[in-house]
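Sending over a structure as structure tokens; questions will come in a sec.
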Amino acid sequence: ISEITAIGVYVQFWFPEMAQWIPALIAVGLVALANLAAVRLYGEIEFWFAMIKVTTIIVMIIVGLGVILFGFGNGGHAIGFDNLTSHGGFFAGGWKGFLTALCIVVASYQGVELIGITAGEAKNPQVTLRSAVGKVLWRILIFYVGAIFVIVTIFPWDEIGSNGSPFVLTFAKIGITAAAGIINFVVLTAALSGCNSGMYSCGRMLYALAKNRQLPAAMGNVSRNGVPVAGVALSIVILLVGSCLNYIIPNPQRVFVYVYSASVLPGMVPWFVILISQLRFRQAHQAAIAAHPFRSVLFPWANYLTMAFLVCVLVGMGFNDDTRLSLIVGAIFLALVSVVYKLFGFDRHVPTPKVDV
């Protein structure tokens with residue numbers, strides 16, 4: 001829903017008089033068509049969306065390095081790396097600033113677990129999934145860390161955001177006057193991509209829960225193309241609620257804060273579930289682990305350390321004024337879902353020896 005809200009804002013960049021709920025509703029329709037068709041169409045759309053994002057970030061990094069090392073757009077005077085150590089030093093905010101930022105930044109990585117969901121429909125998951133997981137680290141280093149490194153090297157960290165998007169400013173430095181429109185188009189495709197992948201994963205998870213008798217059997221219905229239509233339909237309804245919120249609450253910032261606040265904590269729950277599931281899986285099938293194609297380095301200590309890290313993030317959210325609302329609203333939402341899950345008897349516990357391989 002947060003992406004749907006963002007889409008309305010992005011379209012208003014070109015059409016400021018348009019109500020934000022109109023592009024939000026159109027986006028729901030487009031994403032719904034893509035997900036109700038064959039899985040191949042979903043993959044094709046995600047490929048092009050990803051291509052646009054990746055190409056833009058790579059070009060921005062190359063342009064940024066040109067500004068830093070050779071002075072492109074700066075009169076031939078290389079900016080160098082002074083901005084990394086000036087304006088309060090390299091670690092200006094100290095540990096408090098680091099932990100405060102961490103509570104916010106960690107939400108940006110939610111969704112990386114989608115790799116595991118898409119594996120169920122991959123032709124050769126033992127090969128494709130291993131390759132995808134292995135590339136995640138490098139993609140994070142290049143597209144997240146690399147882009148941020150270039151931005152904070154070119155612009156003083158305490159001025160970023162005050163004069164507009166750093167991506168726009170980076171392109172504007174070398175004379176690309178249409179930078180704002182280009183970047184707005186890129187973030188629009190990124191928001192559509194988020195809606196698309198969110199609907200895909202939601203439909204598949206609802207289908208899996210139905211097959212495991214943890215949701216009504218109707219959620220397990222699939223089309224001739226193998227699409228879990230009931231799960232996707234419910235996802236569409238939820239996104240339509242987001243469109244209605246954009247109509248009821250004209251202020252997109254307020255809508256975004258409300259939705260984002262309700263999603264941060266529940267968004268971290270799958271990480272805990274994955275870590276615990278892996279522990280149970282490997283404990284239940286120790287004999288088969290030797291021939292398993294996936295190797296888990298430092299197991300099980302890596303799992304425990306990661307869970308401890310996530311707990312620290314949640315504690316930090318409680319002390320951070322900017323994220324405390326996210327923790328409270330998210331906890332209430334999670335409690336309501338848990339109560340409903342318990343009341344309807346969907347909380348079936350599977351003993352460890354009976355865990356399916």
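Yeah, the Cβs are placed from backbone N, Cα and C, and that goes for glycine too.
No curator has checked TrEMBL annotations; they are predicted automatically.
Sharing the features that TrEMBL gives for it:
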DOMAIN    2-329  domain 'Amino acid permease/ SLC12A'
TRANSMEM  21-42  transmembrane segment
TRANSMEM  54-73  transmembrane segment
TRANSMEM  93-115  transmembrane segment
TRANSMEM  136-155  transmembrane segment
TRANSMEM  167-195  transmembrane segment
TRANSMEM  229-249  transmembrane segment
TRANSMEM  255-276  transmembrane segment
TRANSMEM  297-319  transmembrane segment
TRANSMEM  325-344  transmembrane segment
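Mind mapping these onto the model and telling me what they sit next to?
Same-chain residues lying 6 or more positions outside the transmembrane segment (167-195) and placing a CB less than 8 Å from one of its CB atoms are 3-4, 6-7, 10-11, 13-14, 27-28, 30-31, 45-46, 49-50, 52-53, 56, 60, 63-64, 66-67, 72-74, 111, 150-151, 154-155, 239.
Remote same-chain residues near the transmembrane segment (229-249) are listed as 1, 4-5, 8, 19-21, 24-25, 28, 31-32, 35-36, 195, 198-199, 202-207, 210, 218-223, 255, 258-259 (criterion: CB distance under 8 Å, separation of at least six residues from the stretch ends).
Cβ atoms under 8 Å from those of the transmembrane segment (297-319) belong to residues 99-100, 102-103, 106, 264-265, 268, 271-272, 275-276, 278-279, 282, 326-327 of the same chain, restricted to positions at least 6 beyond its ends.
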Mean pLDDT for the domain 'Amino acid permease/ SLC12A' (2-329), rounded to an integer?
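Mean pLDDT, the domain 'Amino acid permease/ SLC12A' (2-329): 80.
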